[in-house]
Amino acid sequence: MKLNNNVTEFILLGLTQDPFRKKIVFVIFLLFYLGTLLGNLLIITTIKTSRALGSPMYFFLFYLSLSDTCFSTSIAPRTLVDALSEKTTISFNECIIQVFTFHLFGCLEVLILILMAIDRYVAICKPLHYMTIMSHRVCSVLVAVAWVGSCVHSLAQIFLALSLPFCGPNVIDHYFCDLEPLLKLTCADTYVTNLLLVSNSGAICTVSFVVLMFSYVIILHSLRNHSAEGRRKALSTCISHIIVVILFFGPCIFIYTRPATTFPMDKMIAVFYTIGTPLINPLIYTLRNAEVKNAMRKLWSKKLVSDDRR
């Protein structure tokens, strides 16, 4: 990759420079990352091996867990290494790769959440036509479109990053590479870049959040015509989704709708949606979903039986 500036590497300040606090950061990130891997990989394995979880909802949940795993992996391992290192430098190419992967899987998660909302809307509001509308082929095409859309979004971030001239300080006051902290290091006017960033990441977060919340309002309104048991089951599922949406989009909107300004709390808010939300998602979708829990019990029982036979 050809550089169009004088900076070949960046120094990441991380969450703290205090040696003792860096150890605390390491422990917290390690626990959260391991929990994220365990929870999401368990969901992925359960959905792939269980015939009972063949509905479109679990098809999308599989990709949500996959995007959570990859999203967290784009940040956590590097942060863990930096927390144990005295010199925390990252090359220009590594920084660009991190920006790409971070936005690729972050955008994929956003689009999968929208697909899950569409799935719930069809299941609750169009139950007689559900299997026709949300066929396996349709779901596969929707996920493919989500992947393409995520790639387009990430490539736009890369083009913006590569267009920035870096010729001065190379110290990033953050624990990972993203366009917002990189904008502070440029030696040119970033007004247009800020507008493009808000119209890209900021608009995606805000519009997606509004669309999702509006769709759930429609779904909840339509529950009036369902039986008590149907309302209870649908309400439980929708509440799970709404919690995930608020926890993920709240911090993202706060960060990406105002890239021209930064606050000291930005790094702590970023911690919440980079390692917090990927851990919370599997907890919400397993603890509140009886079908997933039953499938996990069966999977565990099969494993125990196979181990005993050995």
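Every residue gets a Cβ built from N, Cα and C, even glycine.
From a predicted model like this one, the values you see are computed outputs, not experimental measurements.
Annotated in TrEMBL:
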{"type": "TRANSMEM", "residues": "24-45", "note": "transmembrane segment"}
{"type": "DOMAIN", "residues": "39-285", "note": "domain 'G-protein coupled receptors family 1 profile'"}
{"type": "TRANSMEM", "residues": "57-76", "note": "transmembrane segment"}
{"type": "TRANSMEM", "residues": "96-118", "note": "transmembrane segment"}
{"type": "TRANSMEM", "residues": "138-160", "note": "transmembrane segment"}
{"type": "TRANSMEM", "residues": "201-223", "note": "transmembrane segment"}
{"type": "TRANSMEM", "residues": "235-256", "note": "transmembrane segment"}
{"type": "TRANSMEM", "residues": "268-287", "note": "transmembrane segment"}
Segment-segment contact (the transmembrane segment (96-118); the transmembrane segment (24-45)) at 3 or more Cβ pairs under 8 Å: no
Region pair the transmembrane segment (268-287) / the transmembrane segment (24-45), three or more CB pairs under 8 Å: yes
For the transmembrane segment (201-223), distant same-chain residues with Cβ under 8 A (at least six beyond the ends): 103, 107, 110-111, 113-114, 117-118, 120-121, 124-125, 153, 157, 179, 230-231, 234-235, 238, 241-242, 245, 249, 252-253, 256-259
Outside the transmembrane segment (57-76), six or more residues from its ends: residues with CB under 8 Å to it: 29, 32-33, 36-37, 39-41, 43-44, 47-48, 98, 101-102, 105-106, 108-109, 112-113, 115-116, 119-120, 123, 136, 139, 143, 146, 175-176, 237, 274-275, 277-279, 281-282, 285, 291-292
Within-chain partners of the transmembrane segment (138-160) [C-beta distance under 8 Å, separation at least 6 from its ends]: 56, 59-60, 63, 96, 99-101, 103-105, 107-108, 111-112, 115, 118-119, 179, 193, 196-197, 200-201, 204
